[in-house]
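As structure tokens, the structure follows; a few thoughts come after it.
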Amino acid sequence: MDKETAKQRAEELRRTINKYSYEYYTLDEPSVPDAEYDRLMQELIAIEEEHPDLRTPDSPTQRVGGAVLEAFQKVTHGTPMLSLGNAFNADDLRDFDRRVRQSVGDDVAYNVELKIDGLAVSLRYEDGYFVRGATRGDGTTGEDITENLKTIRNIPLKMNRELSIEVRGEAYMPKRSFEALNEERIKNEEEPFANPRNAAAGSLRQLDPKIAAKRNLDIFVYSIAELDEMGVETQSQGLDFLDELGFKTNQERKKCGSIEEVITLIDELQAKRADLPYEIDGIVIKVDSLDQQEELGFTAKSPRWAIAYKFPAEEVVTKLLDIELNVGRTGVITPTAILEPVKVAGTTVSRASLHNEDLIKEKDIRILDKVVVKKAGDIIPEVVNVLVDQRTGEEKEFSMPTECPECGSELVRIEGEVALRCINPECPAQIREGLIHFVSRNAMNIDGLGERVITQLFEENLVRNVADLYKLTKERVIQLERMGEKSTENLISSIQKSKENSLERLLFGLGIRFIGSKAAKTLAMHFESLENLKKASKEELLAVDEIGEKMADAVITYFHKEEMLELLNELQELGVNTLYKGPKKVKAEDSDSYFAGKTIVLTGKLEELSRNEAKAQIEALGGKLTGSVSKNTDLVIAGEAAGSKLTKAQELNIEVWNEEQLMGELKK
């Protein structure tokens with residue numbers, strides 16, 4: 001056929017196949033036999049092979065990528081993908097409800113959704129086309145897994161409308177697909193996956209999309225990052241809107257008028273759990289009103305308007321074979337139970353934390369005891385209690401050693417603490433664990449430097465402190481086991497790139513006691529340079545918001561150690577950045593901006609920058625952002641499709657700006 005006829009036929013085939021895919025994979029209501037679908041697909045493949053320039057990004061033939069990737073690229077999410085706070089019982093839910101109503105009043109409705117046990121992903125669409133998909137990662141930065149996500153038939157390559165949005169969802173492996181996959185792996189003498197979630201995550205992190213395509217993954221989408229710009233007013237309307245756009249949402253959802261109705265519904269949904277064709281690990285409860293969501297806002301880690309109810313952990317009985325001791329980066333000795341492998345909440349468990357010596361004594365835990373194990377929050381395995389009546393006499397009492405199992409130094413118990421510690425700064429285990437912490441995601445975030453590689457570098461005596469990482473050469477690293485030319489080059493490149501990190505990552509990576517990632521950022525933002533922080537007095541540290549006495553003492557102690565100062569000087573000489581690179585926090589009284597000290601509401605869609613960027617810049621100039629319009633609001637900035645907030649501002653005679661006025665003030 002000629003080129004024009006081929007073009008028209010290809011367009012017709014794409015429309016038809018995408019329609020049939022939607023009916024089959026999303027609606028579960030196929031209107032044609034599989035053979036007819038396959039015939040049309042083969043016809044389209046033939047046309048595109050003959051005329052490659054007719055192949056479009058939304059073609060169903062593009063779902064299975066060809067090339068194997070060398071590595072996943074990093075992706076910064078337009079809006080952070082935060083985790084949810086957890087509730088473990090009805091009282092936790094009532095506490096959540098009480099906090100919500102204290103902030104927004106008693107007129108609250110909740111949208112209740114299943115918590116799918118899979119992998120959280122974001123899907124970026126530009127003008128209606130799927131252009132990028134990513135894992136959640138640390139919530140701010142994920143990995144680009146676009147080609148693998150294209151293999152999931154329920155993800156439309158082209159939406160029903162030409163929108164530029166970021167959709168959030170949970171990719172998962174159906175139970176039937178999981179069972180079939182494990183049967184095949186066992187047949188091929190491969191290790192079976194522990195649970196569907198691990199299988200889904202492992203499939204989406206394959207560098208070869210053809211492997212992901214064989215795994216029969218699925219997805220439920222649950223939100224749009226820019227939902228408040230879509231002309232909808234509630235979470236439940238947002239899910240209906242996603243249905244209209246051609247996405248697959250979970251239909252086991254309901255709007256509830258009270259928390260007691262939510263609690264009753266949870267019992268009903270939990271009873272269905274075993275019969276669902278996919279795994280769930282809880283229920284998500286969200287305030288339905290988007291205005292109320294915005295008013296409630298966020299903590300550093302999670303939204304205040306949503307909570308995840310986690311199902312009670314499964315408890316099983318197994319045998320405690322031994323107790324192993326681990327030395328952490330701060331010298332704490334942690335006993336770990338070695339168990340006869342057993343399935344708990346869908347995952348095979350062979351180890352469980354025993355926390356400390358006091359807990360072992362309190363529960364009278366002995367080696368070879370029969371113990372009850374559960375997963376706390378369905379994540380961390382722990383020993384609940386001992387079945388004393390099943391003891392046979394072969395059990396052995398356990399006592400903590402007096403010397404470090406790694407270096408032989410005397411162990412001490414610091415006053416007021418339950419943990420035993422090794423206080424030898426030269427302890428190999430502490431140094432190794434400190435290195436692992438330094439390169440971790442929330443610290444210096446050095447790709448390719450995981451526990452295995454760090455252990456090799458340490459054992460080969462190539463690295464003894466964090467400064468040594470920046471002295472590594474390609475010639476040294478390539479000698480390590482399982483390190484090829486390309487992986488070595490990537491590792492050296494990642495190490496060099498980490499030199500440019502902002503100060504807060506370095507501070508957290510140094511492992512100063514009591515200084516977590518949030519405190520590290522607070523200190524970096526306040527003092528702006530490592531030099532300023534080193535000189536800070538205890539009084540100056542205590543004057544910083546959220547820095548308490550223990551934190552201040554720990555910082556002073558750290559920077560008074562000669563060996564630490566030498567290490568920091570060496571890092572600076574090696575080119576590691578010691579300045580804060582993030583936005584500066586400006587007090588209202590120190591700003592001459594029009595925004596200083598004003599209460600401001602942003603509404604509608606902005607063209608020149610995202611809402612998060614606008615918020616950050618306004619706050620940097622001393623403005624205070626809130627989610628709802630009231631008589632206390634000083635200014636409303638209205639973008640396109642501003643909606644009810646603009647109307648309310650006009651009714652209350654509140655000053656209203658458009659985007660042009662906003663940009664003018666920001667550019668001053």
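Quick reminder: no glycine exception, Cβ is built from N, Cα and C everywhere.
In three-state terms derived from DSSP, K115 (active site, N6-AMP-lysine intermediate) belongs to an extended strand segment. Summarising the environment of K115 (active site, N6-AMP-lysine intermediate), the number of other Cβ atoms within 10 Å of its Cβ, over all protein chains shown, is 21. The active site, N6-AMP-lysine intermediate annotation in Swiss-Prot covers K115.
Cβ neighbours of D38 (NAD(+) binding site) (same chain, under 8 Å, six or more residues apart in sequence): none. The NAD(+) binding site feature in Swiss-Prot is assigned to D34, A35, E36, Y37, D38, S83, L84, E113, R136, E170, K286, K310; the stated evidence is sequence analysis.
DSSP gives C404 (Zn(2+) binding site) a coil state; it is part of no helix or strand. Summarising the annotation, Swiss-Prot assigns Zn(2+) binding site to C404, C407, C422, C427 and lists sequence analysis as the type of evidence.
Taken from Swiss-Prot, the feature domain 'BRCT' covers 590-668. Confidence in the domain 'BRCT' (590-668), given as mean pLDDT, stands at 85.
Taking Cβ-Cβ distances under 8 Å and a sequence gap of 6 or more within the same chain, the neighbours of R136 (NAD(+) binding site) are H77, M81, L119, A120, V121, S122, G142.
DSSP assigns C422 (Zn(2+) binding site) to a strand segment in the three-state reduction. For the pair C422 (Zn(2+) binding site) and L84 (NAD(+) binding site), the C-alpha distance works out to 36 angstrom. Under DSSP, R136 (NAD(+) binding site) is assigned to coil, being neither helix nor strand in the three-state scheme.
Note: the Cα of E36 (NAD(+) binding site) and the Cα of C404 (Zn(2+) binding site) are spaced 69 Å from each other. All chains included, 23 other C-beta atoms sit within 10 angstroms of the C-beta of C404 (Zn(2+) binding site).
Helix first, then strand, then coil: DSSP counts for the domain 'BRCT' (590-668) stand at 27 helix, 17 strand, 35 coil.
The Cα atom of C404 (Zn(2+) binding site) lies nearest to that of L84, taking the recorded positions L84, K115, K286 as the candidates. Cβ contacts within 10 Å of C422 (Zn(2+) binding site), excluding its own Cβ and spanning all protein chains shown: 24.
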